[in-house]
Structures are given as structure tokens and as C-alpha cells.
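These notes are about the structure you will find just below.
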Amino acid sequence: MRSSARPYVAGALILWAVALQAHVWSIPDAELRRLRGDSRVSFVPSARGIRRVQKARDEAASDDESAFVVTRKVASDPRSALTEADVAAQSAIVSALRARWPTVKIVGEEDENDDAAPMSPKRGAPLREDLCAAIETCDDARLRTMRVKSEDVTVFIDPVDGTREFVESRLRAVQCLIGIAVRGRAVAGAIGLPFPDGDVASSEACVVYGAVAPGAKRGAVGAHGERGAALEIRFDAENAQVRSVTGDSKNAALIAAKEILRETATKSGATYAHGSIGGAGNKLLAVAEGRAEYALMHFGTSLWDTCAPEAIVRACGGKVTDLYGAPLMHYEDSPGGLVNQLGVVGSSAACEGAISHDAVCSEMRGNEDLKKMLNRFTGGDSSLAFGGDEIQASDVARCLGGGPLSARDVGDRVARAVGAEGDVSLSGYSAPERDAVRGLMSDACRIYFKWSTDDDGRLPRSAFYKKVDMGNLEYMRTKQVTQPLKIARDSKSYAVEASFLASDACKALEEAGIGVPICYAADLRPVHDDPIESKFSLLLEDFHPSDGWEQAKMLRPDQAKCALRALARMHAFFLPGSRFRKSSKAANEDLLATVWSSGGYWQPNMQPDDQMDVVASAWEQHMSSFGAAIEAEPTIDIAVARTVGARLQSHARRIGAETHPFSGCPGADDALRHGGERLAALQTVIHGDPKSGNIFERRAGESDEWEIGLIDFQWTGIGLGGTDVGHFMCASVAPEGLSADGAAENALVDVYYDAFCEAAAEFGAVSSKENAGEELLTREELQVQYENGVLDTMRCVFGYQWLRVKASPESLAKNAQSIGRNSYNKSLPNALWMIRTADLYLKAREARAH
Ligand SMILES: *[C@@H]1O[C@H](CO)[C@@H](O)[C@H](O)[C@H]1NC(C)=O
């Protein structure tokens, strides 16, 4: 077992570095020499050291003969003197950190220099805890209670940021940076300002520090020492509403980025001004402190330049990303090296109105100069012919490490997965914005391929890319506070989907002609003891419209039949008695380890506990919201309808247990025992979320036949086929496939049953189709399972989903055009069907009980 014994670094963790830094600045020279054990060291680390270098320089310049003698080396070569200060500072900082936190990873600008190696860890300087105090008193409970493990922490140190500025005597821009990243995210930082007023004489060094919980909109900030006069930036227009700062680089991408910002601002009616200042930390600090709205940096600033200031900008309510809008990743082993290879844009909290950070980044993604900067990943010009000339979702088309997907890597994987032979390779790809989705819980886009050779038709023209990085999504971070259990559940659901799609079982399913997407590549990085930090990505076969695939808002009867046949074949394929399950113990165990031990997101164990007990009271609300519509509906008797809530509630627990007998929910064991061997023989794998939004269809021949593609296996797990069928009927079928007396639904269940029996024989679970009823499942038994599935879905809809949004004919009408929503969330006839059918199936259940 990993873990519980491992040291957790408290919220306070965040502080030491910061604190340390402030401390280092006040260590007396003698003490430092002692620490360093080297009397030759003539410069005190960090701020103090830098200040001494400058002082010596000042004195030399004043022509004082004795001072000149002492500091000649300094005066003649501030750069080498500074390097020495740099090195000594880093060594002192690292030593103090190591003394307290022996295992955290530390990355410093001077790592290459042997003299920067830490001293004996026992001899680290004591730490100040200013930031700890700021965190303890801040408003954000997440930050106050944050706990991280020391092995997840990386500290980035730049003892002197702004070397050039120092050499050129632009002293305000000189900074000392210590940033703390947790799992690659900048969460805390301290910026030391040795010359807040631009010279040695008029002010003491000071430190600005801040910390912010991942996903929080604000954090704790503070300063140690006199902040001094604000750094002056000369903007080229006074009183502009949008002020940006950059360096004076001639970098084409940076010039393009500046122009985009100017255009976006002026288009929205704001006045724009630009100023140049040195130092990475300095630019971002200007944004944090509200002296500029935007900071732009070119490609290649170092991670130690941005870690501390990013945390402070975020703590002040601002935002920092790369130029394309993806988060910066501060890892000690970042694949792209220790640099921000795609630039940096920081914005202040003040921007989130008209000229929002996201809007600016979206413009960046459409800019030709900036797209060119990604050519080495995307394959560049070769992508132009097929969507590369459009705005790109270049923030979504990223691997889990944060870098852009690489054409070579993607090409190799796809070619291998489809068995394309010879030396075919991907010369380029595009990821157009029009096909991209940035969801609350995941991101997705289409990747269009340009292959090096005309293939024999096996190489796909596109693929579907889905990326789940919950820890970087604000919605998920909030949900973690309000509904922590759901985060663990959601995270597991992505792991289930990714591992199911990548499994041999899924491949076998696909080979058996059941429409599931081919998985070209899957990257799974689950974190079991901190689920929100899990990451997943999937590159899947694309059910693309140009190949004839469509998605319906709701399935017409002919489509519903085909979808039910596909589900039936999947259910039959995974029956315990099937060839697949019996043929190999290993394959069977793999399958069971991959999917949920009980499938279906609406099962009682995955829903709030009180859901079972609120159906009756929720029903009052639904009756008043839908009252007029029910009165106008001749097939529903309002007096009878009123009784449905209480009746459903009285059966809800039993129905839950019978519908999900393998879930271990209350009563499930009884249901299992009661069902005996016959029930055990039906313990198959169900889809778990068979809504029309998860079903693709394309015409097969002239008739009403459709080929079906199933997607979204997040809730796939062990269950009864009838459970999927019941949910499907509630969620997916268009009104013309449903009826007032249940006849149309039963005809659909007949279709399912026929396909199920046939497939059970085909896949070896029964001796013949004709014997399926006797050996496995009768039509009557299926009917009970199916009706349970419907009623169980209704408990979740009436007791939770409708309740949450106060569902009414008006609220449904608003969702009418949605593809993703369930039919009861977007169509009044379907909602009325639910109300009427609840009564019908409850009556059947009540009759069976007698
Ligand atoms: C239906 O609506 C409820 C309330 O908005 C929501 O919680 C649920 O996720 C929706 N489901 C679908 C698939 O439409």
C-alpha cells in the first residue's frame, strides 16, 4: 500500500519557500559565510547579495578610491559578480528548504553550476512563515485546508530574474523568485524585490507573496517589508483601459500576440496602450498588482521565471496560460524542457468582462503567425488543406503532459491500430475549433489527418480526441468542495471508459460486429488517493458525418430497433456463459477489473442517499409544474397521476435493488438470493448510459436498417440487459415510438428479445435461439426487468433531475434542440409518457405482488 503513512505537507507547505526567501534576505553576512562554510564568498545571497553588488557598483562610480579597490571586480564586470551572488543565493535557499523538506523536488536556474549545490541539509536557515499566516486567515477554505504530499511538490527558484536589467542598471526590474508547484500547477510564490524603488539608498528589499488553491478564483496575498513605489511602466497612451506589457522582443509570435490583444481591445471599444518592461516576474507582477491588464511573453521563458508570479497573479484573481489558452505546466521533467515553449499570457481580474482572457486566446488560436509556431507538432502546411486554415482548438489537442499532440506520434499509433503496413506516416493534422467542445468535465475535438501516402482505405480521415484533466477544470474543483463523493465517482468513470475502450474485451466486441469505436491510443493516469488529479485521454475512431454517421435528437422507431439490437448483442456477448467470458480466465478477469462492478450512473449507490425519500414530495412540485399539460392530455387521468409519486416512493428501494442486483445497494443481496442461478447467468456487461446522444446511426442499405455506433462507456459495468433497455426507453426514444397503453414499447422490447436470444446462441451462451427462454431468459422475465429499469430511471428523474431544475413544459422547451440531453429533459410528450407509464408499470408491479 502506498500512502497513508507518507508525510503530508500541510497547507503551510506553501509557505516555507516564501518564508525562507524573506529570511534569506535578513541573514547577516557572517552567518551566511558560516552557512556556506566558505569565507571567500563575498556576496550575500539573494536580495541582500544583489543589493551589495549594486552598492559596490555605486561606490565605485562615485570615484571613492578605497571602495574602488575593494570592488573593482564588481565594477568592471557586474555580470560575473552577479552570477556569484546568484549561485550563493540558490545554494542558501535550497539548503534551507532541504533542511525542512528533504524530499521535495527543487529546480533552480543555477542547477548546472556545481557551486549552487546545497550545503549540508542540517545547516539550512530557519524559515519565516508570513505566507502561512496569510493562508490561515484567508477566505478560501480550500486553501486553508489544502494538504499535499511532498513528493507532488516542485519548487522553482530563480535567485536573480532580470540579470540583463541588473547589468543595465534598471534595478526595479530585478527580482528573486521562488515558486511552488503542486502536480505541475503553480500554487504559491514569493517575489523578492531587492530594489523596489530602483536604487539601494532609498528603500529596503521587500517580498510579495501569494498562494491559491488549484481552481480557486482567488487566494491569499501579502507583502513583507515596504512595497515601495510601484514600478513605472511607460504606456504609450494615458488612461487606456487595456494596458499590456511585454519585453522589447522582435519575436514574430510575440508581435502577433500584441497585435491580437490590441485588435480585441479596440474592437470591444476599449482603448489600448502598450509598454515594455524587463523581467518575467516583473511583467506578471504588474498584472497582479493592477498596473497592467495583460502581460505577454515570448516562447522560451523558463519555468522558474513563471512559477512564482503565476501563483501570485492567480491569487489576485487573474489568469495565466500559454498563448493558446492552455494551462502552464510546471513539472521538473516537463517533456518540452524547463521552458514555457508556447509563450505566456497573464491577465488581471479586471479583464474578465469585455476582453476576457479566453476571448484573447481564442483569437490567438486563429492567427496564422501563431499557428506556424505549432508547425513542428502539427506538421504545419500539410494541414492547411483540411481545416488547418481555420481557428484551431490547439489548447484541446494536447497530450496529458500539456504539450501539443505530435503528428508523428499520433500517426504511428493510428497506423499501428488499423494495421496499416509499410512506411506510411502522418504528415500533418488539424484540430478545427468548429468540432471542439470544452466541457465542464472534459474536452474533446476532432483531429483531421493528412497521411503521407494514399492508403488502401484503412487509414481514417479523422479521429475523435477526448481529454479529461479534471484538476484543471474550475467546475470540477468546485464540485470537489460541494460534492466530493461525485468527484471520486466521476474520476473512476473516466478510468472505466478509457480502460474499457482500450481493453481486449472491447476489441473482441468490435470484431464481433458490435459498433464500438476502435481505440487508437489511450493514456490513463489515475490517482487513486486524490481522484481529481487523475488524467485520461483517448484517441478514438470517429463516427464522422462524411462517412454517413448521424446523431438524432431522439431515435425514431426504426432507429430505436437497431439501437436495441446493438445493445442486445453487446449484452449477449458478455453473458457469463458466452464464449468470450468462458474462453480465457485472464480475459474474463480483465473485463471484470475494467468495468464498474455495477453499471449505470442512476443506480442507488451512485445517487444521493435521500433520493429514495423525496420522490413523493418532489411529485407535488411536478404535478403543479405539469398540471395544465396533464389536464390537456386525454390519456392521463390527473387524479390517478397525483398518486404516482407516493406509490413510486414506496417501491423505490426494492426496485433499485432488483434493477441493480449486483451493486450491493440495500436489498440487492436479497434480490440476488431470490434470483438464484437464473439471475446469476444474466450477469452481463451493460452500457450504463444508453441515451440517444451516445448512439450514432448510419443507413445500412435502402431499407429502414441502421448501423449503430455506441459511444461513452463511462458507466459501463456489470448488470442486467433489461436495466439498459428500461433506461433507453426513458431517455432515447422519440414520441412516435411510444404509446399510451405500452404496446409500442413492448414491440420494441420484442425486437430486443429476439436479437438477444439470437446473439446468445451466436456467442455460445445458449444451445440455440429457440432454447434461450428455457436456458436463460423468458420474454416475461425480460418484461419485469425492463419495467423495473423504467421505474428505477423514473425515481432518479422525479426525485433528483427534475427536482434540481424545477422541470416544467417551459424548461423542457428550452432544451428542445439539444442532442446530448435525455428525452425527458427536452420533450413534453416524453415527459408525459413518463408520468403515464409510471402509473402503468406500477399497476403491473402491484398486480404481480398480489
Ligand atoms: C437532465 O436534466 C438534469 C437537470 O438539469 C440533469 O441533472 C441531467 O444531467 C440531465 N440529463 C440529461 C442526460 O439530459
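Cβ from N, Cα, C; glycine included.
These come from TrEMBL:
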SIGNAL    1-26  signal peptide
BINDING   Glu109, Asp158, Asp161, Asp305  Mg(2+) binding site
Same-chain residues at least 6 apart in sequence whose Cβ lies under 8 Å from Asp158 (Mg(2+) binding site): Gly108, Glu109, Gln175, Cys176, Leu177, Gly281, Ser302, Trp304, Asp305, Ala308
Those binding-site residues listed as Glu109, Asp161, and which of them has the most Cβ atoms within 10 Å of its own Cβ: Asp161
For Glu109 (Mg(2+) binding site): DSSP state (helix, strand, coil): coil
Non-site residues, in chain order, whose CB comes within 8 A of the mean position of the CB atoms of Glu109, Asp158, Asp161, Asp305 at Mg(2+): Phe156, Ile157, Pro159, Val160, Gln175, Leu177, Ala280, Gly281, Ser302, Trp304
Surrounding CB atoms that lie within 10 Å of the CB of Asp305 (Mg(2+) binding site), all protein chains: 29
